[in-house]
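Undergrad: Before I ask anything, let me first share the structure, which is written out below as structure tokens.
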Amino acid sequence: GTPQKYDPTFKGPIYDRGCTDIVCCVLLVVAIVGYVVVGVVAWTHGDPRKVIHPTDSHGQFCGQQGTPNEYGRAPPDRGVPRIPHGIRACSPPPCPPPVQICVSKCPDRYMTYLTAYGNAASLEYYRNFCTPEFKNSQKAPIEVLKDKECPAMLIPSTPLARRCFPAIQAKKGVIMVGNETTYDDGQGHRRNVTELLEGAKKANVVLETRQLAMKIFEDYTVSWYWIIIGLVIAMVASLIFIVLLRFLAGIMVWVMIVMVILVLGYGIFHCYMEYAKLKGEAGSDVSLTDLGFQTDLRVYLHLRQTWLAFLIILCVLELVIVLLLIFLRKRILIAIALIKEASRAVGHVMSSLLFPLCTFFLLCLCIAYWASTAVFLSTSNEAVYKVFNESACPFSGQTCKPETFNTSNVTKLCSDAQCLFAFYGGETAYHKYLIVLQFFNVFMFFWLANFVIALGQVTLAGAFASYYWAFKKPDDMPAFPLFSAFGRALRYHTGSLAFGSLVLAIVQVIRVTLEYLDHRLKAAENKFAKFLLSCLKCCFWCLEKFIKFLNRNAYIMIAIYGTNFCTSARNAFFLLMRNIIRVAVLDKVTDFLFFLGKLLIVGSVGILAFFFFTQRIKLVQDTAPPLNYYWVPILTVIVGSYLIAHGFFSVYGMCVDTLFLCFLEDLERNDGSAEKPYFMSQNLRKLLKKTNKGQPDA
């Protein structure tokens, strides 16, 4: 649209702007269409049940409707008896995989097939854990075990993640399974249950984790409303802190500076007193070079030279800080004034404090789409069956089809050969390029996530820029500055945002690739390759930080002037370089205030939550809910408070950065004349001793 109530000599944001970086906009649209196509293809071929549900030896899902194993539960691992550490005794390779079947429930007792064979009731129970092919109960036990129709033994097991694992427990430090310390392996040997421990170790960790998760869930069910109250308190405290910055920013900054000077002064005094106290003591005049390196650092504290070195270092620091304050006092005052001005701007655009929720929602959509597509792609392989046998066979390891295997030549030449499910894979063109599709999925996730963040930054920058460039604040501001900025960003600058986010996404994908290579090379002995990889990782980490900094300021310039990405990035970079000292001072001052605010909010709310949930506040002692772990709601409140404070301060930080760039542009482009008046606030003009000639003060 057209400028709204702006001065005719307005030299600020250009409202009559055109579309920028159209090629990147088209490229983004094409990439999104391709991403949707990849998602549809993945959802068509993929089956997440392969991740969640186990299968039997024929690749059939357990306990799924419409499958032969609809009423089964989960396959216990069984088959050829295991040698310790899971090494299978078979020759020649490949070894046949352990036979897996689906059962309605896990075994609850020790039993071997030899003992069950002579008892009708036991054999009937045992049949529940045999393959569907086992029909002849009169078959000799040696033949049954040889054909792997039934397991050689049963062990008391517990269901976990739809699988049966040995029910291992510790009683008074003794490892037991089903209240027994030994078991019959089905071949007439007694084995210690500790041999089962290694195989079920991870399962028991998961089981204990599930029990812990249940207790944590119980704590959340009785304390969730108190957690919400704590988060509301953190939100109110963050809002109050931002409002108070308008009045207390200068006081907090100067108090911090004075405290640093006083602390350094006390350090100088303490070092001098220690230096004087050691005068004349035996061994205190030994030099540091004569003493050499000592593992006990307290030895150095008995040397006068140590305290003299500390004294000189602190004196130099004190002198440097005092000199910086003398020469940079005006820039510190400007930084404080900009922080106060940012508080006023946020006050006039209060909806900006809720805008991070929109960004968070869009990021959640990106994460959900990426994760679901990744799962469907990884589960879009087909079941692959291979020939397994225990004797020499020319077809061993070759793929086969269970439907036609019994009528093929393989069974004629290799009588003991079996066609068993091996893994999920595929040999079609789609399956061969799955890794490429996964890479594209990761790349698009980074691109879209960075685009969403960029959209949020340019929207906030546009809203706060409209405040700064309003000659009469806030009368000349648009009625809905945040929505106006959001509309301008999408309508005119989608291509520029796509450009900036694309550059950042490429660097992030390279970093992910380097991390993957580093993970693969951990076991390698090539030290030069590791060194080179570490250097590359460090370089690309620095590059990513620089691009994020450049993009952030480029988006601000895009919001102000509507120029394309490259022009905005170049103008922002050189503008900041021409004012590097101001940039450094403002950056450190705002970093200190944000650190102080987060520490104050998170610390206060965390301490309040600690005293409440540990029932140490007498007034509400009976109100606090009973908990299994009181740290669960406390940590939740602390983490939530930090995220809330970070969300508020990220908006505030964007406001400070935007006003700062607007302030620098204002100084360079305007001179206070009637044709080029300053748009900065009256306080900033007074601080810089600037006036608008022939124009009333804003």
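Glycine is treated like the rest: Cβ placed from N, Cα and C.
Whatever TrEMBL says is automated annotation, not expert-curated.
Relevant sequence annotations retrieved from TrEMBL are reproduced here:
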TRANSMEM  21-43  transmembrane segment
TRANSMEM  224-244  transmembrane segment
TRANSMEM  251-269  transmembrane segment
TRANSMEM  307-328  transmembrane segment
TRANSMEM  349-371  transmembrane segment
TRANSMEM  444-469  transmembrane segment
TRANSMEM  490-510  transmembrane segment
TRANSMEM  554-577  transmembrane segment
TRANSMEM  589-613  transmembrane segment
TRANSMEM  629-649  transmembrane segment
Undergrad: Where else in the chain does the transmembrane segment (629-649) make close Cβ contacts, counting only residues six or more beyond its ends and a cut-off under 8 Å?
TA: 215-216, 219-220, 223, 226-227, 230-231, 234-235, 237-239, 242, 353, 356, 360, 594, 597-598, 601-602, 605-606, 609-610, 613-614
Undergrad: Would the transmembrane segment (224-244) count as touching the transmembrane segment (444-469), i.e. at least 3 C-beta pairs under 8 angstroms with sequence separation of 6+?
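TA: They are not in contact.
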Undergrad: Select the range from 21-43, 307-328, 349-371, 554-577, 589-613 that forms the most Cβ-Cβ pairs under 8 Å with the transmembrane segment (224-244).
TA: 589-613
Undergrad: May I ask for the residues of the chain that lie six or more residues beyond the transmembrane segment (490-510) and have a Cβ under 8 Å from a Cβ within it?
TA: 17-28, 439, 442-443, 446-448, 450-451, 453-455, 458, 540, 543-544, 547-548, 551, 554-555, 558, 562, 564-566, 568-569
Undergrad: Output the single range from 21-43, 251-269, 307-328, 554-577 maximising the number of Cβ pairs under 8 Å to the transmembrane segment (589-613).
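TA: Result: 251-269.
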